[in-house]
Amino acid sequence: SDLPSPFAYLLTIHLKEGRNLVIRDRCGTSDPYVKFKLNGKTLYKSKVVYKNLNPVWDETVVLPVQTLDQKLWIKVYDRDLTSSDFMGSAFVALAELELNRTTEQVLKLEDPNSLEDDMGVIVLNLRIAAGFLLSCLILLNERWERWALFTLGHLAVSFKCTIFLHLFIASKTSLNLGHVRVFMRSVRLFDSLRKNQLWNGLVTITLLEGKNIPGGGLAEVFILLKLGDQRYKSKTLCKSANPQWREQFDFHYFSDRKDMLDIEVWRKDNKKHEELLGTCQVDISALPTKQTNCLELPLEKHPGSLLMLIAVAPCTGVSISDLCVCPLGDPSERRQISQRYSIKNSFRDIKDVGFLQVKVLKAVDLLAADFAGKSDPFCVLELGNDSLQTHTVYKNLNPEWNKVFTFPIKDIHDVLEVTVFDEDGDKPPDFLGKVAIPLLSIRNGKQSCYTLKNKDLERASKGVIYLELDVLFNPVKASIRTFRPREKRFTEENRKFSKKILSRNVDRVKKITMAIWNTIQFLRSCFLWESTVKSVIAFVVFVVTVWSVELYMVPLALLVLFAYNFSLVTTGKVNNTQDAQASKVAELMGLDEDEDEDDKESEKKGLIDRIHMVQEIIIAVQSILEEIASFGERIKNTFNWTVPFLSVLACLVLAAATVVLYFIPLRYIVLIWGINKFTKKLRNPYAIDNNELLDFLSRVPSDVQ
């Protein structure tokens, strides 16, 4: 009778399964997941069950409820890459539930906008009970404050549970009950997020070749690989019934999900029409771990097969935790991690290059995305294909997350991208800002404030974010990885035509072309004796060089060029030219917003429709120009010491080449190279060819990057 009113309740939901759900995918199935809502807010989101119309979730969640005069909405969606398709909804009136009793609910899904009569059912257990912890929080505002604080503090110490500790601290700082409820909801959602995000394995797939692919000799062929919501697309090969891909893909593996690897063979004709040629599946959980499995997979309902290698290996180093238990904060654990990446362990587990720890502390003065002048911000951290997410802080422009994320580093030249979004219910989240941080630029243990930028990182957005970063890596492993192909990114949307990007790429190529043209003109002027002094000097240099040059002097001359540019960098003489180049690129990238508006208006007027027939050609030209410009800029930036690690690595390689060419005759070097090339296929039939020089240059940033 002394309890305050209204009383707080705890609603326990056991989501069991769905039956006979509707089809939303082209392949005759769906990828369903469930959202639970109260008062229009999403309180819980289930995992996605792929390719199943009778999914079994078997998930339990406990939600705090203040009053029983509301409805619990259950909404089912089909997971897609870009959006989610609605599959029906149902609701339960909480007032109709009996207190402290578990009842099974079989809820028929409905959609008033759909013509489908039977959309299936959702089966779940519900239990409503008095909420002890929430009662403690309510009592904080009443005369029972000392007793509630003592109880929460005792629970925090006895059970070592962070939620009790946070509630205790929040109570001591006199937060009102509404803030504490929001905090509890955030913590609960974050615990669910943490469980669904952390992968514990890595699936490495080497796509080798196809055999007797139906229709492959008549059109170009490519492969789509799907594991859960991760997708890769292979390169498109020329017309052949036995195409050779020789590509490698890495998937995250969640041992508790039991996902199937779906493989689809597609062909594309000259009219850009795509047709599915065949499919096959692999049960990853049935494969033995820590070994490479060679599989020849027959296509279902079609002739032909695919040959591939699949290896499943455990993965460590991925974690999400509170600030008080960060991995590198423990001296013994820090020593253990540092020992793992010491020089003496350079040739043990070559793929494990390093370890990254990110403390996401807070953001300040974010953009208001809601009509009420607030936002519901959360952060997404991406390192290559690895992605982790914070919980959402509701109704706050100055959120504090105070979470620690750790990633295994597979390539030291990757860039950490931290993006802040606003949660928007069932709609896709709104973009608030982004920051990109190269791993090699990180200063360990220093809390830094980063200005958020727009999606293209061209202009500053509103707000700043506070991060503290630590990176530990093995330089030998990082160097070896530099000369191997970069990790392929998950399938993304096709690139679109942009007048701004095309203009920028044309200008970049023009700049490189002019540099080459000026060099040719200089040599031509020497041959034509336009300047007697210049021609005499050039002639003497030519004769002396040709007479005395040795092959080892070529890398030696490049080393001299590196040394010269290094002296310019250390004396600060090169900064002005780099700043000028950066400003030029900024001018090309940062076209006025008015021009962006003009682009949008022109699109509205039908510009895209008018060039639809040649759009793919324009996009190809745009991409080729970008590749040419980036290639030239990367060579220049290598010599300019833009990334010191890469320039030092290039100097070491050139020094080694100088020594080798000085002591070993060229014929022996060519002989060794030829023997290696001819026997590589015999020594390793499944080896993937790569160009070490191009792989190295792919790590050097272009001027735009």
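Residue numbers in this text run from 1 along the chain shown.
Keep in mind that glycine also has a Cβ here, set from the backbone N, Cα and C atoms.
Over in TrEMBL, the protein carries these features:
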- 1-107: domain 'C2' (DOMAIN)
- 185-297: domain 'C2' (DOMAIN)
- 331-452: domain 'C2' (DOMAIN)
- 119-140: transmembrane segment (TRANSMEM)
- 147-169: transmembrane segment (TRANSMEM)
- 536-564: transmembrane segment (TRANSMEM)
- 643-664: transmembrane segment (TRANSMEM)
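Within its own chain, the transmembrane segment (536-564) is flanked in space by residues 526, 639, 641, 647, 650-651, 654-655, 657-659, 661-662, 666, which lie at least six positions past its ends and keep a Cβ under 8 Å from the stretch.
Mean pLDDT of the predicted structure over the domain 'C2' (331-452): 92. Taking H, G and I as helix, E and B as strand and the rest as coil, DSSP gives the domain 'C2' (331-452) the counts 16 helix, 56 strand, 50 coil. In the domain 'C2' (1-107), helix, strand and coil residues by DSSP number 3 helix, 58 strand, 46 coil. Counting residues per DSSP class in helix, strand and coil order gives 16 helix, 59 strand, 38 coil for the domain 'C2' (185-297).
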